[in-house]
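Asker: Quick one: the structure is below, questions incoming.
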């Protein structure tokens with residue numbers, strides 16, 4: 001047996017104690033200076049510096065051995081005092097005479113041997129003196145004045161009826177009686193346990209059950225026994241002891257904690273309790289020893305509604321499975337819970353069963369359980385959590401004959417659904433289905449009961465909801481938390497959906513159309529997702545602001561940006577993005593329109609100021625300087641005698657002689673002209689070739705007159721031939737006057753090609769541009785020549 005002196009109370013008064021303690025603490029928790037928790041701090045005495053306004057004081061689990069009046073007398077407003085699990089040996093009740101508001105006093109699990117009785121505040125509701133070293137019951141006559149007392153915890157090695165007389169008139173809610181150190185005597189005592197609704201008896205954990213006292217209680221509604229060790233020989237002792245406690249018509253709840261027994265004795269206890277008026281039987285921490293054999297059990301008509309067994313340790317390794325399971329499967333009760341027992345199976349009842357509620361949590365049931373079982377037609381709730389179910393298709397087959405089944409919980413298994421097995425065959429009555437914490441994927445939506453209203457699929461492997469799913473029009477609550485969904489589903493296939501839980505998924509951009517699609521939604525939990533704060537999310541945030549604050553649960557604290565990094569951790573309600581960056585049309589208007597206006601303005605300005613002409617001049621000058629640097633200076637100086645040969649029409653000679661030559665030769669530039677540099681006696685063609693070869697550049701003054709001159713055509717031909725023969729770039733075209741294309745004879749194809757392919761200098765009519773024109777032209781022909789005669793010999 002396991003000795004559990006730390007927490008002997010399992011039910012009965014447990015709820016009352018928790019409510020009183022925590023209710024009191026919660027009442028003052030808003031003012032933290034009123035609550036002092038110094039438990040587990042190795043104190044050896046009560047601290048002297050406690051706040052005078054302390055209302056809740058916890059000094060439990062320390063090493064305090066003495067209590068003095070001065071320790072707590074100044075705490076006039078003290079309501080809760082916890083001193084359990086210390087080393088206190090003596091108690092003088094007078095130390096509490098100044099604590100007029102004291103309601104809760106816990107001195108359990110100390111070493112108290114005696115109490116000095118004095119009047120005590122009548123406000124006390126909870127007094128626990130259990131698990132101490134008292135010989136007799138520690139009851140003072142002054143306790144009779146505690147008219148508000150609800151809970152009383154006692155312990156003693158000897159029990160006498162007279163000890164209870166001072167409080168016989170009180171109406172208590174719960175009495176805890178510690179009998180761990182009770183000394184058996186030859187004389188059997190009879191003990192009347194007052195008027196209490198709940199009675200909890202704690203026995204020695206390592207001794208076989210043996211009690212030399214008859215205990216009875218008036219109006220007892222709840223009985224709890226802790227530390228019961230039985231075998232086939234002393235089993236009757238327990239049954240005899242219970243006969244005096246279980247005979248009353250008011251006892252409805254019976255609980256056994258930490259029970260070690262044989263299977264035979266356990267069946268006897270069941271058989272003993274079956275005709276009793278008890279309605280709820282609970283057994284926690286049951287250990288079965290020795291053997292498990294088939295036992296005869298007669299299922300009388302019983303008032304028992306529910307049997308609950310939690311945590312069975314079976315120390316019998318070889319036994320008949322049928323002998324064990326049959327006793328439970330054939331019970332004629334409404335509710336049966338057998339959890340944390342590691343049963344591997346449960347039999348189908350042989351006759352139509354009365355079961356309406358079955359709970360087999362944390363066992364080892366497989367897919368074969370309840371297959372082809374047609375005797376559970378009244379079953380309404382079936383819980384098979386934490387078992388070894390693997391096939392959802394077989395689970396659906398299990399339910400086909402459970403015609404009244406409404407709630408099925410098969411969470412925390414290893415369920416999968418393979419469509420190749422066929423369509424699922426659920427019973428049509430199921431409205432609540434828990435499939436959470438399994439291995440289900442998207443295909444699960446094709447294997448659901450037809451009238452399902454509440455569906456829990458959280459913690460599975462679902463990535464999306466198929467759009468072609470049908471038959472879910474009645475679904476009202478859907479839990480898809482902790483899956484891998486990337487999108488917030490709409491209600492196209494869930495027309496009745498009112499509650500959706502989809503937190504802890506992979507949703508980054510929930511659709512703003514959700515609330516339009518889901519008109520009946522009353523609750524949405526979509527927090528704790530990796531939201532990508534972008535323009536798309538802005539619409540969803542706006543839609544959240546348009547619905548009631550009660551609809552979107554966890555808003556705004558659970559809704560935060562996850563990406564980009566600059567917004568990570570930012571609540572969605574604080575995410576701001578400009579209209580310009582999200583509205584493409586507005587962005588185009590804002591950027592493109594001003595750009596177009598600027599471009600038009602620049603174009604007009606350039607045309608007005610003739611900027612293109614200036615740009616062309618600068619580009620030509622730059623290109624000319626670059627090409628000149630690429631030709632070796634020595635080569636140029638060795639062969640060239642002139643900077644430029646000028647070819648022009650006689651009709652343009654006035655401009656050449658008055659404008660062109662003076663502006664070039666004033667910079668020490670040598671110009672070759674036919675009237676002064678052609679050699680007499682040579683042919684015109686030979687002179688043209690020599691002049692072109694001896695000149696760095698050949699300048700052609702183009703005009704309508706130029707195209708009418710045959711010799712100009714020859715000069716252009718030879719210059720063009722020299723351009724391709726030597727790979728040089730020696731042609732400079734000056735457009736003196738515009739030449740219409742139609743005026744160029746077809747025989748002047750080279751001129752057409754040159755004007756189409758090469759950049760030419762255009763003589764500006766505005767005088768302000770002449771300076772740049774001459775500078776550009778001089779730069780294109782300027783090169784240092786070797787000192788030679790300008791004449792051609």
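Heads up, the Cβ atoms here are built off N, Cα and C, so glycines get one too.
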Asker: Name the residue range among 585-605, 606-626, 627-647, 648-668 that Swiss-Prot annotates as transmembrane segment.
Answerer: 585-605
Asker: Which of these glycosylation sites has the least crowded Cβ, counting other Cβ atoms within 10 Å: 145, 253, 423, 434?
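Answerer: 423, out of the glycosylation sites 145, 253, 423, 434, has the fewest neighbouring Cβ atoms within 10 Å.
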Asker: Which bits of the chain, at least 6 residues beyond where the repeat 'LRR 17' (450-473) starts or stops, bring a Cβ under 8 A of a Cβ in it?
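Answerer: Distal contacts: 411, 426, 428-442, 444, 479-487, 489, 492-496, 501.
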Asker: Can you tell me how far the Cα of residue 285 (N-linked glycosylation site) sits from the Cα of residue 235 (disulfide bond), in Å?
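Answerer: Between the alpha carbons of residue 285 (N-linked glycosylation site) and residue 235 (disulfide bond) there are 18 Å.
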Asker: Quick one: pull the CA-CA distance for residue 373 (disulfide bond) versus residue 63 (N-linked glycosylation site), whole Å only.
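Answerer: Taking the Cα atoms only, residue 373 (disulfide bond) lies 60 Å from residue 63 (N-linked glycosylation site).
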Asker: For the repeat 'LRR 8' (220-250), DSSP counts of helix, strand and coil?
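Answerer: Grouping H, G, I as helix and E, B as strand yields 9 helix, 8 strand, 14 coil.
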Asker: How far is it from residue 63 (N-linked glycosylation site) to residue 265 (disulfide bond), counting Cα to Cα, in Å?
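Answerer: It is 43 Å, counting Cα to Cα.
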Asker: Just jot down the residues in the same chain as residue 117 (disulfide bond), at least 6 apart in sequence, with C-beta under 8 A of its C-beta; none if empty.
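Answerer: Set apart from residue 117 (disulfide bond) by at least 6 residues yet with Cβ under 8 Å, we have 93, 140, 141, 142.
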Asker: Sort the recorded positions 235, 424, 434 by C-alpha distance from residue 145 (N-linked glycosylation site) and give me just the closest.
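Answerer: Result: the closest of the recorded positions to residue 145 (N-linked glycosylation site) is 235.
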Asker: I'd like to know which of the disulfide-bonded residues 140, 265, 348, 373 has the most other Cβ atoms within 10 Å of its Cβ.
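Answerer: Counting every other Cβ within 10 Å of each candidate, the maximum falls on 265.
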